[in-house]
Amino acid sequence: MQVSSLNEVKIYSLSAGRSLPEWLSDRKKRALQKKDVDIRRRIELIQDFEMPTISTKIKVSRDGQYIMAVGTYKPRVRCFDTYQLSQKFERCLDSEVVTFEILSDDYSKIVFLQCGRFVEFHSQHGHYYKTRIPKFGRDFSYHYPSCDLYFVGASSEVYRLNLEQGRFLNSLQTEASESNACDINPVHFLFAMGTAEGKVECWDPRTRNRVGLLDCALSSVTADTEIEGLPSISALKFDGALNMAVGTSTGQVLLYDLRSSNPLIVKDHHYGLPIKSIQFQHQLDLIISADSRIIKMWNKDTGKIFTSMEPEHDINDVCLYPHSGMLMTANEAPKMNIYYIPVLGPAPKWCSFLDNLTEELEENPESTVYDDYKFVTRKDLENLGLAHLIGSSLLRAYMHGFFMDIRLYHKAKMMANPFAYEEYRREKIRQKIEETRAQRVQLKKLPKVNKELALKLIEEEGEEQQLSKKRKQKNLPSLLKDDRFKVMFENPDFQVDEQSEEFRLLNPLVSKISEKRKRKLKILEELEAQGQEEEEEPEGKASDAESSESSDDEKGWVEEVRKQRKLLRQEEKLKRQERLKEDQQTLLKPQFFEIKEGEEFRSFKDSAKKQKLMKKTLEDRLKLEEKLGTLNVSDTTVGSKQATFKLKKSEQQRKQQEAEKRHRQERKTLRRSASHLKSRRGRGRLFH
């Protein structure tokens, strides 16, 4: 079972893991389960919950006992009984199924819309009747009060088939050239259909007249979306009496109130793929929309993302099990995925053990693989003295650094800084003492880290307080008292380096502004040393400094930047000169190279020869190889060329071959001498 978490929402994938072949015997399956941990830990919620190649549609019966799925190849429908946790039956069909509908509470009445314009009816025993519609169908809906089937497809007409009378009725003539999706409202039975022109037409089945028209293509275009073509309607779903969700072919979902022509919310999937399925989750007021790549769950009132899932294979359909947190998908893969999200609701009755299982997993979370590894950068490796391990199996490159074993990291850190624990202990003791001091009555003091920044914030807060008093506004919270920024004034690692190049270039006027604060800081430190409070603001010098300084114009700012750049160049030049002096003073030491066992040292010119050889063209290199005898080029009967290469043997391989050759010669001589002795003994016996 795989567990993922997004926005603190746990998603359990119940179909993760390898599946065993059907033709394996029970004995071999048990043997595999003993050997393989992944197979032993997998959860097979419903036995053989898969299709031979792909699955296209998946639905649940109204009583919740049966799950039906269609797929290929060959075209077939499979029914799974949740009470038995296994397959109920399988029926093969003549052509692929576009969509299907379960008309009864169980599996006794099913209608299939197939690719070849066929409409096939199945009863409890199997195939019942087959008919044909004039044009290729793409979707259909069932109108329960009148027992009418409404078919939409590659035509401007909506075909009506009455199941009570057993005949076609007069079609509904629409303005659309083609229709892709349709749905019937479960409350007032309004029929809505989505067209290829990006419009939704609403019809009243009682009067067979159009009562509304929505232009969704125009409403789906917002400031952030990039539309290349005209969006068409790809999915349609009603929620209650007044709400309707529409999915477009460009990846937008629009939520409408039927009393308004403008959408309440426009949600973009940002993949540009057609919306395949839309479901409503009423417990948390969520909309579950899916394209072929991602399933998104978002709040229908605010549009805020609740969570999302990206399966390994493309999605064809999504089915939410009623009144539970279980989600099933039909994919471009044999296995159909089952997800359990405890936040959405409890597990169904037929698999109530999932609640106990997930609770145990949350109580005892397993450590991930990365808990045993430490991520380090190249600079960290240099500080630890492990830079020579780069390229070895002890370090695994990842993004801008490496993963290394946490035990090796602790050992190296202990060797590099053996007194790290003592420093950590002293720091903890200091923090405890500071915490106890904070409980006493103390004077207002500046923090030890980033004093100038703290002084700047205090000055700005004083000015803002004066302005807020004049405007009668509420005071904003102080950054110095905010726990989120507390570490910035306590940890020395967050100290602002004013001598760095970035600071001096990005803050060209900081030198003039900081002079004022440094003077004030010096005065405050003197007052603290004398035991006076910081609240008594010094008069005279600070006010004179404030009056003497004025804001610089753009010309002064440019001059200051140039001045800083000039100083940086001079400092860089001095550093280069110092490095040159150090290089001149250092003595060159001889370097020693170790030669591998079995190899002989020839010369340092081999690398130069190899570089020259690599600069030559392919033709020149082939001629050279032909001269050396490592390449043989011959003509074939077809008229093409055949090149045969011989690998160059190293010195070690050559010595090994010579040793093997000597060994074979010795054995041959031994066999000859043995046969000679036998022949001599045979002659002696004859003479005897």
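Glycine is no exception: its Cβ is also placed from the backbone N, Cα and C atoms.
Bear in mind that the values here come from a model prediction, so they are computed numbers and not experimental data.
Taken from TrEMBL as is:
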COILED    426-470  coiled coil
COMPBIAS  528-538  compositional bias 'Acidic residues'
COMPBIAS  633-643  compositional bias 'Polar residues'
COMPBIAS  648-663  compositional bias 'Basic and acidic residues'
COMPBIAS  664-688  compositional bias 'Basic residues'
DOMAIN    1-364  domain 'Nucleolar protein 10-like N-terminal'
DOMAIN    482-508  domain 'NUC153'
REGION    528-557  region 'Disordered'
REGION    633-688  region 'Disordered'
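Beyond the ends of the domain 'NUC153' (482-508), by six or more residues, the same chain brings 447-450, 452-454, 514, 557, 560-561, 564-565, 567-568 to within a C-beta distance below 8 angstroms of the stretch. Confidence for the domain 'NUC153' (482-508), expressed as mean pLDDT, is 75. Sorting each residue of the domain 'NUC153' (482-508) by its DSSP state yields 16 helix, 0 strand, 11 coil.
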